[in-house]
Amino acid sequence: MNYCETKSVVKRKGKESDETLSFTNSNNNNDMSSHLLDRNRAKRYPLLSFWELPNYMKDNEYILRYYRANWPLKQAFFSLFRWHNETLNVWTHLLGFFLFLGLTLANLMKPHVVDLLQQFTRSFSSGAEKNVSDNIKDLFLGTALLFDLKHQIPLKMELESTDLVIARWPFFVFLAGSMFCLLSSSICHLFSCHSHDLNLFLLRIDYVGIAVMIITSFFPQVYYVFLCQPHWQLVYLAGITAMGLFTIGTLLSPSLSTGKYRAFRAMLFCSMGLFGIVPAIHACFVNWGNPRRNVTLAYECAMALSYLTGTLFYVTRIPERWKPGWFDLAGHSHQIFHVLVVVGALSHYAATLKMLQWRDTFGCDEA
Ligand SMILES: [Zn+2]
(Lines of atoms letter the chains of each structure in order from A and count residues from 1; the text may use other names and numbers.)
(Lines give C-alpha, C1' and ligand atoms only; values in the text may rest on other atoms or scores of the structure.)
Protein backbone atom coordinates (compact mmCIF):
# COMPACT_ATOMS: atom_id res chain seq x y z
CA MET A 1 0.00 0.00 0.00
CA ASN A 2 1.55 3.28 -1.05
CA TYR A 3 1.59 6.53 0.92
CA CYS A 4 -1.61 7.98 -0.68
CA GLU A 5 -3.57 4.78 -0.22
CA THR A 6 -2.53 4.56 3.41
CA LYS A 7 -3.54 8.16 3.89
CA SER A 8 -7.04 7.69 2.46
CA VAL A 9 -7.62 4.47 4.42
CA VAL A 10 -6.47 6.18 7.57
CA LYS A 11 -8.78 9.13 6.95
CA ARG A 12 -11.77 6.90 6.30
CA LYS A 13 -11.04 4.74 9.33
CA GLY A 14 -10.38 7.86 11.38
CA LYS A 15 -13.88 9.18 10.67
CA GLU A 16 -15.56 5.92 11.63
CA SER A 17 -13.52 5.64 14.79
CA ASP A 18 -14.15 9.24 15.77
CA GLU A 19 -17.86 8.55 15.84
CA THR A 20 -17.56 5.33 17.81
CA LEU A 21 -15.04 6.85 20.17
CA SER A 22 -16.61 10.16 20.94
CA PHE A 23 -20.38 9.87 21.06
CA THR A 24 -22.45 8.87 24.00
CA ASN A 25 -25.13 6.26 23.39
CA SER A 26 -28.71 7.34 23.40
CA ASN A 27 -31.43 5.07 22.15
CA ASN A 28 -34.61 6.84 23.06
CA ASN A 29 -36.22 10.04 21.86
CA ASN A 30 -35.78 11.86 25.15
CA ASP A 31 -32.04 11.72 24.72
CA MET A 32 -32.18 12.94 21.14
CA SER A 33 -31.28 16.56 21.92
CA SER A 34 -28.29 15.67 24.08
CA HIS A 35 -27.26 13.17 21.42
CA LEU A 36 -27.32 15.89 18.77
CA LEU A 37 -25.43 18.21 21.09
CA ASP A 38 -22.76 15.57 21.56
CA ARG A 39 -22.58 15.01 17.80
CA ASN A 40 -22.11 18.72 17.21
CA ARG A 41 -19.44 18.93 19.89
CA ALA A 42 -17.60 15.94 18.49
CA LYS A 43 -17.82 17.44 15.00
CA ARG A 44 -16.23 20.61 16.35
CA TYR A 45 -13.49 18.67 18.12
CA PRO A 46 -12.95 15.51 16.09
CA LEU A 47 -9.92 13.29 16.48
CA LEU A 48 -7.54 13.88 13.59
CA SER A 49 -5.07 11.87 11.58
CA PHE A 50 -1.36 12.69 11.55
CA TRP A 51 -1.62 14.47 8.17
CA GLU A 52 -4.33 16.82 9.44
CA LEU A 53 -2.24 18.07 12.38
CA PRO A 54 -0.74 21.54 12.71
CA ASN A 55 3.03 21.37 12.24
CA TYR A 56 3.85 21.90 15.92
CA MET A 57 2.10 18.64 16.82
CA LYS A 58 3.71 16.47 14.14
CA ASP A 59 6.07 14.59 16.40
CA ASN A 60 5.65 10.87 15.75
CA GLU A 61 4.82 9.90 12.18
CA TYR A 62 4.27 6.26 13.19
CA ILE A 63 1.19 7.16 15.23
CA LEU A 64 -1.38 7.78 12.54
CA ARG A 65 -4.72 8.53 14.18
CA TYR A 66 -6.74 9.70 17.17
CA TYR A 67 -4.99 13.08 17.62
CA ARG A 68 -6.51 16.08 19.37
CA ALA A 69 -5.43 19.48 18.04
CA ASN A 70 -6.25 23.05 19.09
CA TRP A 71 -8.85 21.96 21.64
CA PRO A 72 -10.14 24.39 24.31
CA LEU A 73 -8.84 23.70 27.82
CA LYS A 74 -12.21 22.39 29.01
CA GLN A 75 -12.46 19.82 26.19
CA ALA A 76 -8.81 18.90 26.72
CA PHE A 77 -9.48 18.32 30.44
CA PHE A 78 -12.52 16.09 29.83
CA SER A 79 -10.57 14.12 27.21
CA LEU A 80 -9.07 12.49 30.30
CA PHE A 81 -12.12 10.20 30.13
CA ARG A 82 -12.12 9.71 26.37
CA TRP A 83 -10.05 7.48 24.11
CA HIS A 84 -7.36 9.23 22.03
CA ASN A 85 -3.67 8.55 21.47
CA GLU A 86 -2.61 10.39 24.67
CA THR A 87 -5.14 8.77 27.06
CA LEU A 88 -2.74 6.11 28.35
CA ASN A 89 0.20 8.55 28.39
CA VAL A 90 -1.79 10.74 30.78
CA TRP A 91 -3.09 7.89 32.95
CA THR A 92 0.19 5.98 33.31
CA HIS A 93 1.83 8.97 35.02
CA LEU A 94 -1.32 10.16 36.77
CA LEU A 95 -1.68 6.77 38.47
CA GLY A 96 2.07 6.88 39.21
CA PHE A 97 1.54 10.28 40.83
CA PHE A 98 -1.29 8.95 43.04
CA LEU A 99 0.83 5.93 43.95
CA PHE A 100 3.66 8.20 45.16
CA LEU A 101 1.18 10.49 46.89
CA GLY A 102 -0.14 7.45 48.78
CA LEU A 103 3.42 6.40 49.71
CA THR A 104 4.20 9.92 50.93
CA LEU A 105 1.08 10.08 53.10
CA ALA A 106 1.68 6.57 54.45
CA ASN A 107 5.24 7.51 55.41
CA LEU A 108 4.15 10.80 56.94
CA MET A 109 1.57 9.09 59.12
CA LYS A 110 3.55 5.96 59.83
CA PRO A 111 5.72 6.96 62.82
CA HIS A 112 2.63 7.27 65.00
CA VAL A 113 1.24 3.96 63.75
CA VAL A 114 4.55 2.22 64.37
CA ASP A 115 4.83 3.70 67.87
CA LEU A 116 1.36 2.49 68.77
CA LEU A 117 1.91 -0.94 67.24
CA GLN A 118 5.20 -1.34 69.07
CA GLN A 119 3.41 -1.19 72.42
CA PHE A 120 1.41 -4.28 71.47
CA THR A 121 3.79 -6.25 69.33
CA ARG A 122 7.17 -5.99 71.06
CA SER A 123 6.59 -8.96 73.32
CA PHE A 124 5.22 -11.14 70.50
CA SER A 125 7.91 -10.44 67.92
CA SER A 126 10.29 -13.24 67.04
CA GLY A 127 13.40 -13.31 64.90
CA ALA A 128 12.11 -16.24 62.82
CA GLU A 129 8.95 -14.40 61.85
CA LYS A 130 10.98 -11.40 60.85
CA ASN A 131 13.22 -13.47 58.58
CA VAL A 132 10.23 -14.91 56.72
CA SER A 133 8.62 -11.51 56.28
CA ASP A 134 11.98 -10.13 55.12
CA ASN A 135 12.19 -12.63 52.28
CA ILE A 136 8.61 -12.08 51.18
CA LYS A 137 9.07 -8.34 51.22
CA ASP A 138 12.24 -8.53 49.10
CA LEU A 139 10.37 -10.59 46.51
CA PHE A 140 7.90 -7.80 45.85
CA LEU A 141 10.54 -5.22 44.90
CA GLY A 142 9.84 -2.97 47.78
CA THR A 143 6.08 -2.74 47.34
CA ALA A 144 5.55 -4.80 50.47
CA LEU A 145 7.92 -2.47 52.27
CA LEU A 146 5.70 0.45 51.56
CA PHE A 147 4.12 0.94 54.90
CA ASP A 148 6.70 -0.12 57.39
CA LEU A 149 10.27 0.81 57.86
CA LYS A 150 11.00 -0.61 61.27
CA HIS A 151 9.58 -4.12 61.19
CA GLN A 152 12.71 -5.61 59.68
CA ILE A 153 14.90 -4.24 62.41
CA PRO A 154 15.83 -6.80 65.08
CA LEU A 155 13.92 -6.28 68.31
CA LYS A 156 16.99 -5.36 70.35
CA MET A 157 18.05 -2.80 67.80
CA GLU A 158 14.54 -1.40 67.64
CA LEU A 159 14.61 -0.66 71.33
CA GLU A 160 18.09 0.79 71.16
CA SER A 161 17.34 2.88 68.12
CA THR A 162 14.47 4.79 69.69
CA ASP A 163 16.95 7.51 70.63
CA LEU A 164 18.37 7.62 67.13
CA VAL A 165 16.73 10.27 65.02
CA ILE A 166 17.70 10.10 61.38
CA ALA A 167 16.41 13.01 59.31
CA ARG A 168 13.59 12.10 56.94
CA TRP A 169 13.65 15.24 54.79
CA PRO A 170 15.95 13.86 52.03
CA PHE A 171 13.52 10.93 51.64
CA PHE A 172 10.57 13.33 51.29
CA VAL A 173 12.53 15.55 48.89
CA PHE A 174 12.81 12.52 46.58
CA LEU A 175 9.10 11.67 46.98
CA ALA A 176 8.14 15.29 46.22
CA GLY A 177 10.44 15.37 43.16
CA SER A 178 8.90 12.16 41.80
CA MET A 179 5.37 13.48 42.33
CA PHE A 180 6.25 16.76 40.58
CA CYS A 181 7.72 14.90 37.60
CA LEU A 182 4.78 12.49 37.24
CA LEU A 183 2.14 15.20 37.65
CA SER A 184 3.80 17.68 35.27
CA SER A 185 4.13 14.91 32.67
CA SER A 186 0.40 14.04 32.99
CA ILE A 187 -0.58 17.71 32.66
CA CYS A 188 1.72 18.12 29.66
CA HIS A 189 0.18 15.15 27.84
CA LEU A 190 -3.36 16.25 28.67
CA PHE A 191 -3.17 19.93 27.68
CA SER A 192 -0.41 20.19 25.07
CA CYS A 193 -3.06 19.83 22.35
CA HIS A 194 -4.51 23.23 23.30
CA SER A 195 -2.26 25.65 21.40
CA HIS A 196 1.25 26.08 20.10
CA ASP A 197 2.23 28.44 22.94
CA LEU A 198 0.90 26.17 25.69
CA ASN A 199 2.47 23.17 23.95
CA LEU A 200 5.92 24.84 24.09
CA PHE A 201 5.43 25.92 27.70
CA LEU A 202 4.24 22.48 28.89
CA LEU A 203 7.07 20.71 27.08
CA ARG A 204 9.51 22.89 29.00
CA ILE A 205 7.76 22.06 32.29
CA ASP A 206 7.92 18.37 31.36
CA TYR A 207 11.72 18.65 30.84
CA VAL A 208 12.04 20.51 34.14
CA GLY A 209 10.07 17.69 35.82
CA ILE A 210 12.61 15.14 34.53
CA ALA A 211 15.50 17.31 35.80
CA VAL A 212 13.82 17.69 39.22
CA MET A 213 13.31 13.93 39.48
CA ILE A 214 16.99 13.26 38.66
CA ILE A 215 18.23 15.85 41.18
CA THR A 216 15.91 14.81 44.01
CA SER A 217 16.71 11.10 43.48
CA PHE A 218 20.27 11.88 44.60
CA PHE A 219 19.22 13.47 47.88
CA PRO A 220 18.36 10.44 50.06
CA GLN A 221 21.17 8.26 48.69
CA VAL A 222 23.89 10.90 49.15
CA TYR A 223 22.50 12.00 52.51
CA TYR A 224 22.21 8.50 54.07
CA VAL A 225 25.36 6.97 52.55
CA PHE A 226 27.54 9.90 53.62
CA LEU A 227 25.67 10.57 56.88
CA CYS A 228 28.89 10.35 58.85
CA GLN A 229 31.01 12.34 56.38
CA PRO A 230 29.12 15.67 56.23
CA HIS A 231 31.76 17.27 53.97
CA TRP A 232 31.03 14.69 51.24
CA GLN A 233 27.29 15.20 51.75
CA LEU A 234 27.83 18.90 51.12
CA VAL A 235 30.09 18.42 48.09
CA TYR A 236 27.75 15.99 46.30
CA LEU A 237 24.45 17.66 47.22
CA ALA A 238 25.76 21.13 46.33
CA GLY A 239 27.23 19.75 43.09
CA ILE A 240 24.04 18.05 41.88
CA THR A 241 21.88 21.01 43.00
CA ALA A 242 24.06 23.51 41.11
CA MET A 243 24.05 21.31 38.02
CA GLY A 244 20.28 20.84 38.33
CA LEU A 245 19.58 24.56 38.72
CA PHE A 246 21.73 25.31 35.67
CA THR A 247 19.85 22.64 33.68
CA ILE A 248 16.44 23.99 34.78
CA GLY A 249 17.49 27.57 33.92
CA THR A 250 18.57 26.35 30.51
CA LEU A 251 15.39 24.37 29.89
CA LEU A 252 13.21 27.34 30.85
CA SER A 253 14.94 29.79 28.56
CA PRO A 254 12.91 30.03 25.32
CA SER A 255 15.92 30.45 23.05
CA LEU A 256 17.53 27.22 24.29
CA SER A 257 14.36 25.12 24.16
CA THR A 258 14.19 25.05 20.37
CA GLY A 259 14.99 22.01 18.23
CA LYS A 260 18.42 23.46 17.45
CA TYR A 261 19.53 22.85 21.03
CA ARG A 262 18.03 19.36 21.39
CA ALA A 263 21.48 17.73 21.52
CA PHE A 264 22.63 20.26 24.12
CA ARG A 265 19.60 19.46 26.32
CA ALA A 266 20.18 15.72 25.97
CA MET A 267 23.80 16.29 26.97
CA LEU A 268 22.68 18.16 30.11
CA PHE A 269 20.42 15.27 31.22
CA CYS A 270 23.17 12.76 30.51
CA SER A 271 25.76 14.74 32.45
CA MET A 272 23.41 14.90 35.45
CA GLY A 273 22.91 11.12 35.26
CA LEU A 274 26.64 10.49 34.78
CA PHE A 275 27.42 12.76 37.72
CA GLY A 276 25.75 10.04 39.83
CA ILE A 277 28.51 7.56 38.96
CA VAL A 278 31.03 9.46 41.12
CA PRO A 279 29.11 9.30 44.44
CA ALA A 280 27.90 5.77 43.53
CA ILE A 281 31.46 4.40 43.23
CA HIS A 282 32.46 6.36 46.33
CA ALA A 283 29.42 4.91 48.16
CA CYS A 284 30.44 1.34 47.25
CA PHE A 285 33.81 1.86 48.96
CA VAL A 286 32.25 3.57 51.97
CA ASN A 287 29.76 0.69 52.39
CA TRP A 288 32.03 -2.17 51.43
CA GLY A 289 31.33 -4.11 54.62
CA ASN A 290 27.64 -3.27 54.85
CA PRO A 291 25.46 -6.40 54.56
CA ARG A 292 22.63 -4.37 53.00
CA ARG A 293 24.86 -3.14 50.21
CA ASN A 294 23.92 -5.93 47.76
CA VAL A 295 20.15 -5.52 48.22
CA THR A 296 20.41 -1.75 47.82
CA LEU A 297 22.62 -2.15 44.76
CA ALA A 298 20.19 -4.69 43.24
CA TYR A 299 17.34 -2.18 43.56
CA GLU A 300 19.48 0.59 42.08
CA CYS A 301 20.48 -1.67 39.17
CA ALA A 302 16.78 -2.44 38.58
CA MET A 303 16.19 1.33 38.53
CA ALA A 304 19.02 1.96 36.04
CA LEU A 305 17.81 -0.90 33.83
CA SER A 306 14.23 0.46 33.85
CA TYR A 307 15.35 3.99 32.94
CA LEU A 308 17.75 2.79 30.24
CA THR A 309 15.20 0.42 28.66
CA GLY A 310 12.60 3.19 28.84
CA THR A 311 14.94 5.65 27.11
CA LEU A 312 15.68 3.02 24.43
CA PHE A 313 11.94 2.69 23.65
CA TYR A 314 11.61 6.50 23.70
CA VAL A 315 14.44 7.06 21.23
CA THR A 316 13.81 4.13 18.85
CA ARG A 317 10.00 4.52 18.82
CA ILE A 318 9.52 0.77 18.91
CA PRO A 319 7.05 -0.93 18.36
CA GLU A 320 5.03 1.64 16.34
CA ARG A 321 7.79 2.09 13.75
CA TRP A 322 7.39 -1.61 12.84
CA LYS A 323 3.63 -1.36 12.30
CA PRO A 324 2.57 2.30 11.91
CA GLY A 325 -1.02 2.79 12.99
CA TRP A 326 -1.27 -0.43 15.02
CA PHE A 327 -0.29 1.08 18.37
CA ASP A 328 -2.03 4.45 18.11
CA LEU A 329 -4.20 3.94 21.17
CA ALA A 330 -2.28 1.39 23.23
CA GLY A 331 1.19 -0.11 23.32
CA HIS A 332 3.27 2.63 21.68
CA SER A 333 6.79 3.48 22.81
CA HIS A 334 5.94 6.53 24.93
CA GLN A 335 3.48 4.54 27.05
CA ILE A 336 6.09 1.82 27.63
CA PHE A 337 8.61 4.55 28.53
CA HIS A 338 6.14 6.03 31.05
CA VAL A 339 5.52 2.66 32.75
CA LEU A 340 9.27 2.02 32.99
CA VAL A 341 9.83 5.45 34.57
CA VAL A 342 7.33 4.55 37.32
CA VAL A 343 8.98 1.11 37.80
CA GLY A 344 12.42 2.81 38.00
CA ALA A 345 11.18 5.32 40.58
CA LEU A 346 9.65 2.49 42.66
CA SER A 347 12.96 0.57 42.59
CA HIS A 348 14.75 3.70 43.79
CA TYR A 349 12.12 4.07 46.53
CA ALA A 350 12.77 0.49 47.68
CA ALA A 351 16.55 1.09 47.69
CA THR A 352 16.04 4.26 49.73
CA LEU A 353 13.92 2.41 52.30
CA LYS A 354 16.67 -0.20 52.71
CA MET A 355 19.24 2.51 53.32
CA LEU A 356 16.97 4.34 55.75
CA GLN A 357 16.38 1.14 57.73
CA TRP A 358 20.12 0.59 57.96
CA ARG A 359 20.76 4.13 59.22
CA ASP A 360 17.81 3.96 61.64
CA THR A 361 19.33 0.81 63.09
CA PHE A 362 23.04 1.57 63.19
CA GLY A 363 23.44 5.33 62.88
CA CYS A 364 27.11 5.92 62.16
CA ASP A 365 28.42 2.76 63.86
CA GLU A 366 28.72 0.70 60.69
CA ALA A 367 29.94 3.45 58.39
ZN1 LIG B 1 5.70 11.64 28.44
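Any Cβ shown, glycine's included, is placed from N, Cα and C.
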*Pick from H84, H189: which one does TrEMBL list with H334, H338 for the same Zn(2+) site?*
H189
*Measure the Cβ-based neighbour count of H189 (Zn(2+) binding site), defined as the other Cβ atoms within 10 Å of its Cβ.*
24
_Other C-beta atoms that fall within 10 angstroms of the C-beta of H338 (Zn(2+) binding site)_ = 26
_Intrachain neighbours beyond the transmembrane segment (297-315), with Cβ under 8 angstroms and 6 or more residues off its ends_ = 141-142, 280, 284, 333-334, 336-341, 343-345, 347-348, 350-351, 354
*Criterion met for the transmembrane segment (264-285) and the transmembrane segment (207-227) (at least three Cβ pairs under 8 Å)*: yes
*Quick one: do the transmembrane segment (165-187) and the transmembrane segment (234-252) have at least 3 Cβ pairs under 8 Å, skipping pairs fewer than 6 apart in sequence?*
no
